[in-house]
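First comes the structure, then the notes that go with it.
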Amino acid sequence: VPADAENAHSSSVESCPPLRDVHSINPTQLMARIESYEGREKKGISDVRRTFCLFVTFDLLFITLLWIIELNVKGGIETTLEKEVLHYDYSSSYFDIFLLAVFRFKVLILAYAMCRLRHWWAIAFTTAVTSAFLLAKVIISQLFSQGAFGYVLPIISFILAWIETWFLDFKVLPQEAEEENRFLIAQDASERAALLHPGVLSDGQFYSPPESVAGSDEDSEEKQDSEK
């Protein structure tokens with residue numbers, strides 16, 4: 001009997017560490033995920049949103065570069081700039097396409113970088129305005145008679161606006177929503193783990209009954225015989 005008790009005690013002690021490790025590791029991993037998510041929130045905007053803002057900035061700079069090249073091709077920046085800005089003509093000027101890029105940049109940076117908007121209405125508004133303006137300009141104006149830039153600037157501006165819409169709608173918003181759901185699930189799991197397992201079992205809680213002294217049964221039988 002004492003040998004069986006010792007074996008049972010040793011087996012129970014050996015089986016204790018894996019359970020203790022499970023209860024101690026899983027909540028730690030969950031808390032690490034929660035802390036990493038909170039750290040990203042404190043740091044600022046997410047990586048995918050930062051990439052979107054960089055692409056919006058690239059849109060403005062690229063359209064500006066093309067417009068400056070167009071000014072040089074037509075006979076000098078100063079002369080052409082005075083003609084397109086001071087004497088603006090809707091049918092022949094590219095200045096409005098540059099202003100359209102500035103408009104997209106200001107609205108999108110204000111909405112998704114400063115205000116951290118999590119809805120598609122701002123990008124839908126800028127893309128709709130861009131598409132309608134460019135379609136009207138291509139139909140009414142005489143850009144096609146002015147060379148290659150009559151094709152390049154409207155097409156590039158149209159493509160960049162729709163790429164921004166696709167990137168926000170299919171990358172930024174779904175990825176941020178997925179990260180937020182993971183954070184809520186991890187937080188809920190850590191709270192449940194804390195309620196189900198408030199503490200870690202210590203080795204002192206496992207004990208065995210005191211062993212009987214060897215030969216005690218024989219001594220008691222001898223005493224009974226002597227009394228009889």
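Cβ from N, Cα, C; glycine included.
What TrEMBL says about a protein is an automatic prediction, not a curated fact.
Features as listed in TrEMBL:
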- 45-216: domain 'MENTAL' (DOMAIN)
- 1-21: region 'Disordered' (REGION)
- 201-228: region 'Disordered' (REGION)
- 52-73: transmembrane segment (TRANSMEM)
- 93-113: transmembrane segment (TRANSMEM)
- 120-142: transmembrane segment (TRANSMEM)
- 148-168: transmembrane segment (TRANSMEM)
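Away from its own ends, the transmembrane segment (52-73) comes close to residues 45, 80-81, 84, 94-95, 97-98, 100-102, 104-105, 108-109, 112-113, 147, 149, 152-153, 156-157, 160-161, 163-164, 167-168, 171-172 of its chain (Cβ-Cβ under 8 Å, at least six residues beyond either end). Distant neighbours of the transmembrane segment (93-113): 45, 49, 52-53, 56-57, 59-60, 63-64, 67, 70, 83-85, 122-123, 125-126, 129-130, 133-134, 137, 143, 149, 153-154, 157, 161, 164, 168, 172; these residues of the same chain sit at least 6 beyond its ends, with a Cβ under 8 Å from one of its Cβ atoms. Mean model confidence of the domain 'MENTAL' (45-216) amounts to 85 (pLDDT, 0 to 100 scale).
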